[in-house]
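Pulled from TrEMBL, these are the features on record:
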| type | residues | note |
| --- | --- | --- |
| REGION | 152-194 | region 'Disordered' |
| COMPBIAS | 157-167 | compositional bias 'Basic and acidic residues' |
| COMPBIAS | 179-190 | compositional bias 'Basic and acidic residues' |
| REPEAT | 212-245 | repeat 'TPR' |
| REPEAT | 280-313 | repeat 'TPR' |
| DOMAIN | 353-392 | domain 'STI1' |
| COMPBIAS | 408-427 | compositional bias 'Basic and acidic residues' |
| REGION | 408-449 | region 'Disordered' |
| COMPBIAS | 430-444 | compositional bias 'Polar residues' |
| REPEAT | 445-478 | repeat 'TPR' |
| REPEAT | 520-553 | repeat 'TPR' |
| REPEAT | 580-613 | repeat 'TPR' |
| DOMAIN | 716-755 | domain 'STI1' |
Amino acid sequence: MSEGSHSPDEPIAQSGGLDRKKTCPMYVRLFCRMHGHHRLEEFTATHQPSDDEVEIYTWRDATLLELVDLLKEVNVECRRRDARFSFRLIYQDYRGECHYKQLGSVWAGRGGRDDGRTLEEIRFVQGDFIDVAIGFGADAFPAERIESRLSHRGKQTVRDGLDDQRSRSRFNSRSSNFRSDRSHGRDYKNSHSTGHWQRFSLGEIMTTNEQVEQLKVAGNTAFSAGKYAESIEQFSAALDMDPTNHILWSNRSASYASLRNYEAALTDAERAVSLKQDWPKGYGRRGAALLGLGRLSEAKEAYARAVELDPENIQLKKGLETVERMEAELGDQFKPVDNPFADPMLWDKLKGDEKMREHLKDPQFVRIMDEIRADPKSLTKHISDPRVTQAFGVMLGVDVAVKKDGTAEKVETKAKEADTTVDKADTKTPNSKQGSNTSNSNPEATKEKELGNAAYKKRDFEGALRHYDAAIALDPENLSLLTNKSAVFFEQGEYAQCMTLCEEAAARGRECYADFKLIAKALGRIGACHEKLNDLAMAIDYYQKSLTEHRTADILDKLKSAERLLEEQRKNAYHNPQIAETERNAGNDCFKQGNYVAAVKHYTEAIKRDEQDPRAYSNRAACYMKLTAVPEGIKDCDRAIQLDPTFVKAHLRRAHLLHMRRDYSEAIATLDRAAQNDTEGKHTGEIQTLMGRCYTDMRGGDDESDETVLQRAAQNPEVREILSDPVMVQILKQMQSDPRAVQEHMQNPVIAQKLRKLIAAGVIKTA
């Protein structure tokens, strides 16, 4: 078939001069895409994918294999023997929402059980679409492994050996090598019933991609809940199905790191980096794992690369700062004179410590000490050994505690800084307990602090300030005293002093590497001060800074509240009914000129300026109606009716839009409400005309069988409810035996409304 010999809109001539467009009963629209299906969102009642369309006129017993034969004629790639064609049926429910059903696959070079499935068998009806994904090789569409789970409606008959002549004699097609061949403005009827597919559950048609996404979400949820082992199981299951997903490797690396299994975390991080070398988060995971292993120089390189790829990422920059801080603390670049292990009294000092004496009995530990004395940089290699950390503390005269699991507390704390763990939120009252960066060395200061806390609870703020000042004088390094004192200023309304004190606490906390919780608390309180001063922009900024240091539910709630208030303030500041009226009039002028797009912009601006004016919503709905944007128009009409239930024009435009959507029953109901609110009768003619069109169009589907009409009506919950009402059932029986009874029952408004719905749905046919 030669592509250049026919125009896109001209049917291809068939053998014998037969015009299949006039003789074939079935019109089929296929949408083809290489290496995957179209997204379901691309299909609506009025819009379909803008390319890759093939139009066919054929019979109801046409098979999937015959459709493939046609595609081979219009696209050379489809003729490859390793080509695979995956078919989906796209159909709509009674609300106009699109769904899909997997039909099966056909291979170009070999037969299969889906080859002989016919259009009649798959219940294809006019208005449905067929979506075809085309791939090549045995691994085409690895996400789709669902053919074996589909239930078939009986024995399949595979029709092999169809020659090219028979294929051409059965089809009349229009295509341009999968280019767009749509006829704009064509309105196709859709009488498909979703009930055909009720036997299939969601799990039966779920692709591997969807399963992987579900497992990833489950893993993320478990991680957020602190269930790291469970998150590893979920991510591992997902990786079994999609081992090339770099995000899954990265997430599992974070889970391993949270369990302190840094070796496994490093392995997964390396895999993530190898799969996507320009992804900054992969290098961040690698840096966190290396930091946990004590390999600071390598961790620094990983974090530096991550920051280079994403310079605005605060978490990555924090990780780099953490590594650099540890290098400075642990002497990653010691000079020989600064190396505490080069001290000639090394062995004497170690022997003088009770714990070190036991370690010196181990020859391996002695060799490590000799290595560090010769090369100070080798300290980073052995820093994960708690004995080395203790020896380092002995040489510096610092008592380094070791946890029960044998790891050094100081190193463990730093490694946790690079992780994404969530601690419990602080209380709103001043600290009654001292954290990891507070001092308990001065009992007098602790006593003064407790007295200050007691005075604060009694709201004796002056007394609390005296005790806190006394405690600060005795223990100036205790940052919790500064935050407690700032809480007093906050309660007194001295917000400037409170912010000054919190800024000092945050600055000193960073200098002495204080617990992130204390820094976050100080920054959060600064944000609260700005919020009290009605400076919401600054409050949001400091809340975000606080959450960067340490995430708590309390600050997160305050941030959301401040953002909501700021948005309301901006809306109120933007509110101007006079400008709204000017914009609405400008929109009316554009509408009269037929410039509906510009009119929509003016009406939208009018709505922003005055959200309580229903006229702007109704006018914008009229534009959407002209632009055939039916859902948007109905939404605007609903909003206008919500603002003014007696707004007749809004009801009328909603009815017009529903008529365009072929929802005649709801359109008639809307017209009834419009008639009730049209007390002056100004719109009576328009209401009656549109209602007549609805009834006429309802009866216009003579080409549909009664069975099809009833199947479609059965999908309407209102119709099902009416038909299950015993009173209505009795009335319908009476109407069959005595047609004159209709007039009597129509006097009852409730029964009349139900009868109109049945007429609109096609259950009752009128002459």
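Glycine is no exception: its Cβ is also placed from the backbone N, Cα and C atoms.
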- Note on the structure: Rounded mean pLDDT within the repeat 'TPR' (212-245) lands at 85
- Task: Please spell out the DSSP helix, strand and coil residue counts for the domain 'STI1' (353-392).
- Result: 32 helix, 0 strand, 8 coil
- Query: How do the residues of the repeat 'TPR' (212-245) split into helix, strand and coil according to DSSP?
  - Reply: 27 helix, 0 strand, 7 coil
